[in-house]
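Q: Relevant sequence annotations retrieved from TrEMBL are reproduced here:
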type	residues	note
ACT_SITE	Ser63	active site, schiff-base intermediate with substrate
ACT_SITE	His68	active site, proton acceptor
ACT_SITE	Cys83	active site, proton donor
MOD_RES	Ser63	pyruvic acid (Ser)
Amino acid sequence: MKALGQHLILELHGCPAAILDDPQRIEAAMIAAVEASGATMIKPYFHQFAPQGVSGMIIISESHFSIHTWPEYGYAALDVFTCGDVIDMVAATNSLREGLEAKNVQQMMLSRGILDLPDDMIHHKPQSKPAAAAGGLT
């Protein structure tokens, strides 16, 4: 059996509140992690909540990176989902730990889309389509 993708779940604790409440700093840390992992970035989006906290996502050709922060607890929840096996999850984790100055990182890896098919029948996502061909979504 083969999996369509890998899902890395990261629990980051002990992060400075000032970092976790700064959407520009979080976006920069996430982009650095995408680049370190070897993923292909398509589009980032980040949103700051009131009174605090940031959520964001980077769509990558291989799937996505996402983050939700709780500055008041020094905590960030991150997901890295990838179709295929070309992303360096260790490099992504190390980059995120450094960029968010986490004191403690817990992680769990899940195989997603486990199918009982021959290897030659498992196909990962094709290259992304231009926005117009994908229904005009941006």
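Cβ from N, Cα, C; glycine included.
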Q: Using a 10 Å cut-off on CB atoms, tell me which of the active-site residues Ser63, His68, Cys83 is the least crowded.
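A: His68, out of the active-site residues Ser63, His68, Cys83, has the fewest neighbouring Cβ atoms within 10 Å.
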Q: Which whole-number value in Å describes the distance between the Cα atoms of the residue listed as 'active site, proton acceptor' and Cys83 (active site, proton donor)?
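A: With distance taken Cα to Cα, Cys83 (active site, proton donor) is 22 Å from the residue listed as 'active site, proton acceptor'.
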Q: State the Cα to Cα distance, in Å, between the residue listed as 'active site, schiff-base intermediate with substrate' and the residue listed as 'active site, proton donor', rounded to an integer.
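A: Between the Cα atoms of the residue listed as 'active site, schiff-base intermediate with substrate' and the residue listed as 'active site, proton donor', the distance comes to 6 Å.
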